[in-house]
Each structure stands twice: as structure tokens, then as C-alpha cells.
């Protein structure tokens, strides 16, 4: 019985429908044929049940199931013990827990569906860990005995005795208006227990929003409001689930500084974040999570910030001698053509233009772009990046200035609201029939974005990240001269972001087209950009879109507005933010090098 639990069977509750099939899984299972009850299911049962002790991992039932509801995952051999929580039979399980330390910020990094939010719930005391015994959950005494000798024992004892108060900033801020009613100011006044409301509001730019109703706030405003509500309450454990989605680069750093200002020798702070440069800036130490999404997740020991993120990118945990991803993710900045060479390939020009919308005025400096090139637009929210994209697409007419060249345009908007009823396959078939079966497109776009896994689901039931990937595939599948992509990384986890960036880059090179991308995730922006367009001015009053610059010049200009400096990690070249007023930071500001390309 040495290998009694070396695999784990997952039955998808949504897809398994015993009433509609002939129980192929049970009929084809060799163990059942030998007369053992490995798979139990009848046409009357709600869902199939698979015994993990009897299963031999042959994988026949997976292939036979007409709905694709089963998956059987072989576990690394050291995962029989240390189960922290399992939801029910044949469902997700989490191994170990991240270890928070008082007075420091713990960052969690890992893909979606790998148990970060479960870990947060358990550490907040909102979910009682059942140590894998889902049929008879243990009581707290047993749980404490189980964790004895680790820092978690003290932590859980404190939660039980001292009633440590935990607050979680939820992941999906767009759901907040359904729960919270009233103006921003009134809610903040109600929650303000530490009397720091004025300072926090100033840091997060919320002072001018106090009269607004919560349901009228945009995504970024809701995010800042949610962070503020958490920061002004009295608590011992602060948890932030993705505090940077919807925010632009400047606001991300402000949010990070606000979260770091909560540090106190007897407070625990835990952050889940997919933007690696923000995570780097925020955390004092990091736990990685690896495993198979929605099957099992494993938490590593805490590492230092740099080491933790590099381990996540390398896909290899040295302390456990375990590889959890085939390829490591490396950031080589693209070799950009010299300024002289670019001139020869010049294809398209756009004129200087002006556009006034209500109070807001945008001036665009004339520029030109070539094919096989990705332009990244850098600027805060409300500096007219989306307006510029819509003018290029011909959706908005300029008030003064020349005509925009008529181009075929494919546009992926920032907010994706699915209107279509039906499955993803039908949608792809309607919109991009030629592309989605084309072998080149399948290898370049469909496979890396993992559209296959969700192709038969209803479009209305997809999660944010799944919708984002479908939208990206639809956008790239439409034949066009120029692809306009607005925030391709929203809702995606760190690994999918890098995949998406790679997809866009490879597709643009192969198809010899141009792409304009709006992106706030710094790592993604540097990875994508051949040239950058910097937007400056006063947000939502009057702003200027400069003509395209090289990556180095543009980044220096943009970062000098934000007053941040970057260095490069020597191992995998990812950009890292320098801590404010550190030696490096002061040096680079003096010499005016805000951004480095050299290796």
C-alpha cells in the first residue's frame, strides 16, 4: 500500500450528468470489470463517485466520458500527507498553508484555481480546515494538535482565543454595488474605526468621490474604495485579494504604499496579486502555490521576495526538488530595430488630431507605425488611451485635424460583456470561422490560450479570465491591418498573462500586422512593446498623446512622471521596482535612468 493515494480523481459537478449518458466510465473501467467497486454510478445518481484507493490511473474513463467530466491527476509522491482542506469527495484539495508572520507582508503567487482564495478563507478563520477528512471534520483541538510545532499553531490559537479580527478585500470588486448602498463618504464614515479616513482617502485619490453613489463608480474607483474600506477598519489580519486589478500603474503603486502603511508589529497582512512587479514592491516574503488548477494546490515554504517570484517563474522548487511547470518563463526584451531601419519600413501615418468630450480634451501628436510592430500605450486612467484607440478604429471622429487613414481594424474593448447565447464554439464559428480551424492560428493562438478546455461551455457562464481569453482569440482571429487591444491582462493570472503576451507577440510577428495595446501590468508592457506612446497631462481634463518613441526613451519619460525607478533581475531579466528612496532609487533618479534595458 505504499502508493495508496498517488492520484486524485476529480469529477466536475457541472459536467457530470448520469441521467443523460450510459455510464461509460463504469462500464469501461478495468477495476470494475475485475469486480471491485472503483466507480459507482447509476442513472439515478446525481454524480459519479470514484474511489481513489482502487483507481489504477489507466485513464480509460476520462476518454470514454461523453461530457469530459472526469480528470485523474497523478500526484507527486510526497503529497499523501499534509492535506489541509478538501471540499468533498472527488473535489479540490489544498496541501499545507502559507505561514503569515506578524509585522510583515506575505505575498501569495500562483495560477487561478489553485487554492489561494481557499487559503485566505482558512487563515481568516472563515473556513475551518478539515485536514482532508471531509466526511467527519475534526474539531479545533485536533487541528491545533495537527499544526503543533509550526508557526501556524500559535496563529490558530490566537484566532480561537483572542478573536483576531480578519478583513478580506474581495477579489471581484464589481459585485460590491449589489451589497453596499449609499454614498462613498457615508460608507467610509460608518466603517472608519481608526480615524485615518482622511489620510487614506488622500493616498488613494478618493477625496473627490465622497458624494458619489457606490453604484456609479467605475472599476478602478470601486477597487480603490474597497481597499480604503479595509484600511480604515480596526483588525489584526488584513487580506487583499488582487488589489491591483482595474488600477493603472500609478494607482497600483499608491495602493501598494497604502497597504504597506498598515504594517504594525502585531498585525498580519496577506496579499494575493498577479501583477508580479506590484507583488514584488508590496511583499516582505512570498509563498508560491503550485499544482493542477481545480484539482489540488500545494503551498511552498516562505521565500524571500526575489527568490519566491523567481521560483514561480522558473517552475522549479529547489527546497522540494520538484518541477511544477515544463518551461520557465523568461523576459528577454525584444530586439528592436534601430531608428534608421524603421524609417524604411514605414507604412502608415496618422495626423495630429484633437478631440473634446465634455470637460475632457485630448490632443494627439502625429505619428507613424509600421507592420509587425506592437505599440504599447502608457498613461494613467482617464488620459484618453481608449479614446485614442476608438479614434483609430474610426468609432469617433476628431474635432479638428487630418483624416485618420482608413484601415481594417479589429478591436478588443476593455469591458467585455457577453451578449451571445450559446457555446463558445458557436461564437467562434459565427465570428471567425476561417481562422479558428486554420492550423497556424490554432498553434499560435487557440492552443496557448487553452480555448479547447472551455469550447463547449456557454458563453454566459464563463469566468472573467475565460471571457478575456475568448475575447482575445476573437480579436486576433478577425482579419485586419491593425489590432487594437485594450487591457488584455485583466482577470488573467500571472502565468496566463505571460502566455497572452507571448500569443499577441508571436501572432503580430507571423501575421505582419500592427497592434496597439493598452496595458497596466508593467512586466507585460515591457515584454510586448516595440515602441511606446506616452500620454501625459491632467487626467480627465486635458491630455496629450505623444508620438511613438523607443521603449527606453518612452519608459524613462513615463516613469519620471510616476517617480519610480526600475532595475532588472540578473537571472530572468524581469523588471523590478526599486523601493522608494533606496540607494539604487536615488542613484538612478540622479542620473535620469529610470529604466534599464541592458543585461
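From the backbone N, Cα and C atoms, a Cβ is placed for every residue, glycine too.
What Swiss-Prot says about this protein:
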| type | residues | note |
| --- | --- | --- |
| DOMAIN | 7-37 | domain '4Fe-4S ferredoxin-type 1' |
| CROSSLNK | 20 | ubiquitin cross-link |
| DOMAIN | 46-75 | domain '4Fe-4S ferredoxin-type 2' |
| DOMAIN | 79-315 | domain 'ABC transporter 1' |
| BINDING | 110, 111, 112, 113, 114, 115, 116, 117 | ATP 1 binding site |
| DOMAIN | 342-562 | domain 'ABC transporter 2' |
| BINDING | 379, 380, 381, 382, 383, 384, 385, 386 | ATP 2 binding site |
| MOD_RES | 417 | phosphoserine |
| MOD_RES | 550 | phosphothreonine |
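Known features from Swiss-Prot, placed on the structure.
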{"residue": "110", "record": "ATP 1 binding site", "contacts (Cβ under 8 Å, 6+ apart)": "116, 288, 289, 290, 297, 312, 493"}
{"residue": "111", "record": "ATP 1 binding site", "contacts (Cβ under 8 Å, 6+ apart)": "289, 293, 493, 494, 495, 496"}
{"residue": "112", "record": "ATP 1 binding site", "contacts (Cβ under 8 Å, 6+ apart)": "293, 465, 493, 496"}
{"residue": "113", "record": "ATP 1 binding site", "contacts (Cβ under 8 Å, 6+ apart)": "92, 293, 294"}
{"residue": "379", "record": "ATP 2 binding site", "contacts (Cβ under 8 Å, 6+ apart)": "248, 385, 534, 535, 536, 543, 558"}
{"residue": "380", "record": "ATP 2 binding site", "contacts (Cβ under 8 Å, 6+ apart)": "248, 249, 250, 251, 535, 539"}
{"residue": "382", "record": "ATP 2 binding site", "contacts (Cβ under 8 Å, 6+ apart)": "360, 539, 540"}
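Within 10 Å of the C-beta atom of residue 117 (ATP 1 binding site) sit 19 other C-beta atoms, taking all shown protein chains into account. According to DSSP, residue 550 (phosphothreonine) is assigned to a strand segment. Within the chain carrying the domain '4Fe-4S ferredoxin-type 1' (7-37), a Cβ under 8 angstroms from the stretch's Cβ atoms is held by residues 43-52, 54-58, 60-61, 64-75, 90-93, 294-296, all 6 or more beyond its ends. Counting other Cβ atoms within 10 Å of each Cβ, the recorded positions 381, 386, 417, 550 show the lowest value at 417. Cα of residue 417 (phosphoserine) to Cα of residue 386 (ATP 2 binding site): a span of 17 Å.
By the criterion of other Cβ atoms within 10 Å of the residue's own Cβ, the least surrounded of the recorded positions 20, 116, 385 is 20.
Under DSSP, residue 117 (ATP 1 binding site) is assigned to a helix (H, G or I) in the three-state scheme. Residue 20 (ubiquitin cross-link) sits 30 Å from residue 114 (ATP 1 binding site), taking the CA atoms of both as reference points. Spacing of residue 384 (ATP 2 binding site) relative to the residue listed as 'phosphothreonine' is 21 Å (Cα to Cα, whole number). Closest to residue 115 (ATP 1 binding site) by Cα-Cα distance, out of the recorded positions 381, 383, 386, 550, is 381. Take the mean position of the Cβ atoms of 110, 111, 112, 113, 114, 115, 116, 117, the recorded ATP 1 site; other residues of that chain with a Cβ within 8 Å of it are 289, 293, 297, 493. Across the fold, the C-alpha of residue 386 (ATP 2 binding site) and the C-alpha of residue 550 (phosphothreonine) stand 21 Å from each other.
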